[in-house]
Every structure is written in structure tokens, then in C-alpha cells.
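Structure first, commentary second.
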């Protein structure tokens, strides 16, 4: 009688093993085997991290093995089991690999196909076609779209982390409990004694050092020492944690009537302001999205303020970017002066603080939340709904949505919900976040997620004109590395443009993103269909780059740049000045966050800047969904390219007081998971 050798690998996560009854059936072109009992209680098989091998004897020739069925039956209490993969050695000596990499829960049967990636057109037998169709039908019942807030991209239909499908939950919910993590962060930073001191102002700037953790030779310490300098202010628009707003100014907006006379002491080339603009030396940052948004009113004891500044910047003879004019509100009118470096010290400093605070709000709500977290969740939900496990694009993308839906669900549950942690310390809490995000949705375009196009759209592409824009330089290298890898994979599975346009599952994925994620907005420029390999490669690059590199660039620098509170105030407690010459150090300190809000802010930026336990970085694919050698070769080439970029960045950063490492591939997690 034919005998098969079956190897079963259990995950190494905590509680990955099982003591339940486990059965295996083999499905071949010539028939299906009877159920074989592989494990039963107290056999000590399928323990955490174990690899167990069994001989399975069948009574008849099964032909070519097409599927295997794994069935788990409860022994005593619910005992989830994480199955990595199964390999089968046939009587002819052939090895078949069946990737799983998911939890098997309750009394369920899981049906696995062998690991070779297949498009739907490749499936010729009814057994395989049915399996493919059934998997998507089941997934679409589990992964449903829902609207958390009007005007937002749609998200998964789950009110809490516990309601999510088991396979996309965190291994341990405790590890991503925001309340627990923020409180723990405040304890680790020794600031918990201040965390309840709302309404209690600091005495002066030096007083903020009571909650500042000094770590020698770090960016955060350098920020603390130099935050008042114009150079440091300008540098952050290029390489801080929100390096996506600055753009070349081609014409001054009428609402911002800066004249040559106002700024001539800042201009170094003996040119008028108009001439400097023509030569490409003037840049602008406009926080118009914040205009008219009401400050947080959840605490009746503290009035909180928002404003919408416009900031003009200048490239000096050293090619450094420095501020030369700030208007704190949008409308040019009496009571809204244009502040200048030549003004009194504290007038100019407070104007810059208002810009830094506004930058913090746009960073958190738009750059970080909307343009990495929420859009990556859209890609993730659409992928699970429309691409079966055997599809090459599922295998390509699944590592890049790892824990994304879970972290966002947890955020909706604890962080950005009504009266959540976000409301505690941020002026955009209590409804402001939703207003800003709804407005920002109008600017969420496909081209703005294509990194090279986004850089060009802001006029920031020239390395000669703007030499110190490391976010741009490193981002372009990582984008090209990802695109090269994705193109290699696409070319392996799509021989022609027709194969792309006729792939109904791919088209379903793209349509889901457009209809539900972008709410069917034509102006978004997101494709409804994809018809060429080149466009498909670009689209997949957007998905992977957004989830990995873009999120890393705007997330992991938060403690570096925002831990010194005056450099990134999460709220302002006094209105903007309406005239020059009235600002004092006391007024600035009273404007800045109180002790309690400062501590909650510090706990937040610390917790958000930490990598996940067992983080998986770009280019690493420990879950082997792909089994084909050509794809594994493409992965090796990808890792080699990334290693070269890492070395290049390390060399550039050597001996720099302000190293830029957020886009170093060894610092880029595969997915949005924090």
C-alpha cells in the first residue's frame, strides 16, 4: 500500500501548540484518503516550535496530490494551534510543500493547496476551482467593510480587537494595549508623578527638562539644545518626522503678503524676494487644513487653541533652509501680523512654536494616521477579500499588512475614539481630528502615494539645488529597490498584458480599494482597473512602500523630534499674539502644554517610536508563502540591494550630529504594526 511521509511544523509563538485531536486527509486526482489521526491529547506532538513527522499509509493510489485537509477537534477547552506548514513526501519521492502560517481555531477543517503560486486561469480542475472560490467566499464573510466615521476610508467591520479574525490579531493583545503601554512608558521615563497635573504650567523652558530623558549624543538631546535656532527649525521640514509638506514657492499666495522690505535682512544674494522666488530659493509650508478647526473642548478647565499658519523659508548661501516669515493665521488682516526673524526674540520664537505645533497636528492626523495607517488597512482588507492564498499577489503582500488591521482596530478602540487617549493631550482631540481627516481625504491621491511623483509635485527633486534632503534621497533608493523586486515577481507570473487585465481576482482587489477605500472618488486618481504589467508593478510598489518605508519615515522619529515639548507642542493654551512686541517668556510658557498633557504626550511619542517585539524588517520573509526558486532568487536580489542602501546610509551618517536613519532598510519594518 502507498505510504506518504508527512511533516508538520508548529509556530514558535507563545501558546502556538495544541493538545487537541488533529486529523489529516490527502486529496488527490485519483481520490481522497481516509482521515488519519496525527495527534491526540497527551501525545506531546504539535508543541510550540515543534516539527513532527508521520507515515501515512493509504489503501489506493491517490494520483497527484492537490489538497490536504487538516482537522482539529477540541479535547477539553479551546486550544488554538498555529500551523506553519505541512510537507508531504510522495511514494515516488517527490516533495510537496503546503504553506499555512495561520491559526486553526475551534473545531475546524483547514484545506491547504500546495505552495506553488497560481492565477485563477491556471486552475484546470473543478476541485481546485471550488477550493479557490470557497476560500474567497468565506473570507468575504469574515472581512467586511464598515464606516467608522463619515468621510474616512472604510475599515474592517470590528468594534474591538477581540472581534477580529484570529489570523490578523496580535499574538498577545496585552502588547498593544495603548493605555497600558502609555502608562508603562511614563513609568519608564520617570514622569508618572506629573501625569495627573493638568492645568499646572511649567515655570520656564528649563523646567521641561524635569520630564526630558537625557540620552547622550542622540537626536532628541540635540533638539533640546538647538530647538530655538532657525537652522533647526528649517531642517525639520526636510528630515524631521513630517518631511512631506515643504514645497518650492513659485508664487506668493495673496493671503500671505510678504514684501522684499520685510525680509531683505534674511536674503543673502542681493536679490528681491520675487527674484529669489524665480531662482528657486524660496519655499513655503501652508497649514490651511487646520483653518477653522475648533480646539479640543473635552476639558472644561483648559481652553485649547489651534491655528493655521503659513511659513516662508529661504535657501541661504550654505544651501540650508531657514524661516524668513510666518503668518500664524490664514487671513491677512489687522491682528494677524507677519512675524520676521528681525522681530523681538520672543515674538519670533512664539511664531515658530505655533508652526511646530501645527506641524505636529498635520503629522499625526494626515501624514501618519491617514496616509500610512488607514490607507494600509484599506489595502489589507481588500487583499483578504479578493486574493486567495494561492494567488502570487497575496503571497507577495501578506507580510506587508501583518498586524495593520489589528493596530488600527486597537487605535479606534482606545486611542482616537471619543474620550480616548488622543483627547487627553492634543488640541485636535474632541472632534478636530475627524474634521482635518475629512478635509485631507480630498488630497489623498494615487500620485501623492507614488514617492517620486510626490517629490516632483512639490518641486523638491533636485539634489543639486536642495542637497540635504535625506528623506528624499533615501526614499527614492528604497522605492526603486521595492519596485525592482516587485517587477521581478510580476514578470514571473504575468507573461503578457492580457494576463493582467484578465486576472479577475487582481481586478477585484483594485476595485475594492477604489470603491471602499477611496469611496469611489474619481479625483483621487486611484485606478479602477489595471491593464499592464508596468502599472501593476507601480501599484504594488505603492502598497509595499506605504506600509513599510513611508510609515517608518514618519513614525519612528517621533521621540527624536517630539520629546522636547516646546519643539512639538501637542496643544496651545493661549491664543496666538495679535500684535508685535507683546510676547514674554511667561506668555510662551503659559501657551505651552501643562505638566499633565506634557507627560501624556511624552508617553505617546515614546510608545509609538518603539519597534514591535519580534519585528520583521524590509526584505525579510520568514513565513515562506512562496516556494518557487525564481521568487526566492528575486528575494535574495532584493535583500542585496537593501543591504547596499543600508551601507550607503551608514557611511553618510558617520560622524553626523544629526544622522538620518529612518529610511535605512534595516530600520524599516515590513508593515504598519505600531
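Even glycines carry a Cβ here, placed using N, Cα and C.
Residues or ranges marked as domain 'PLAT' in TrEMBL: 2-118.
Residues or ranges marked as Ca(2+) 1 binding site by TrEMBL: 17, 79, 80. The Cβ of residue 80 (Ca(2+) 1 binding site) lies under 8 Å from the Cβ of 15, 18, 103, 104, 105, 166, each of which sits 6+ residues away along the same chain.
Under 8 Å, Cβ to Cβ, and six or more positions away along its own chain, residue 39 (Ca(2+) 2 binding site) finds 18, 20, 21, 22, 45, 46, 52. According to TrEMBL, the feature Ca(2+) 2 binding site maps to 39.
Within 10 Å of the C-beta of residue 103 (site 'Essential for stabilizing binding to COTL1') there are 20 other C-beta atoms, taking all protein chains into account. What TrEMBL records for 103 is site 'Essential for stabilizing binding to COTL1'.
For 118-674, the entry in TrEMBL reads domain 'Lipoxygenase'.
Positions annotated as Fe cation binding site by TrEMBL: 368, 373, 551. Within 10 Å of the C-beta atom of residue 368 (Fe cation binding site) sit 21 other C-beta atoms, taking all shown protein chains into account.
The C-beta environment of residue 373 (Fe cation binding site), restricted to residues of the same chain at least 6 apart in sequence and closer than 8 Å, consists of 404, 407, 408, 411, 551, 672.
Close to residue 79 (Ca(2+) 1 binding site) in the fold, though at least 6 residues off in sequence, lie 18, 19, 20, each with a CB less than 8 Å from its CB. Other Cβ atoms within 10 Å of the Cβ of residue 17 (Ca(2+) 1 binding site), summed over all protein chains shown, number 22. Restricting the average to the domain 'Lipoxygenase' (118-674) gives a pLDDT of 93.
What surrounds the Fe cation site, by Cβ distance within 8 Å of the Cβ centroid and not counting 368, 373, 551, is the set 367, 369, 371, 372, 376, 550, 554, 555, 672 from the same chain. Summarising the environment of residue 551 (Fe cation binding site), the number of other Cβ atoms within 10 Å of its Cβ, over all protein chains shown, is 24.
Each of 15, 16, 18, 19, 20, 81, 82 belongs to the same chain as 17, 79, 80, is absent from that list, and has a C-beta within 8 angstroms of the C-beta centroid marking the Ca(2+) 1 site.
With helix defined as DSSP H, G or I and strand as E or B, the domain 'PLAT' (2-118) counts 0 helix, 62 strand, 55 coil.
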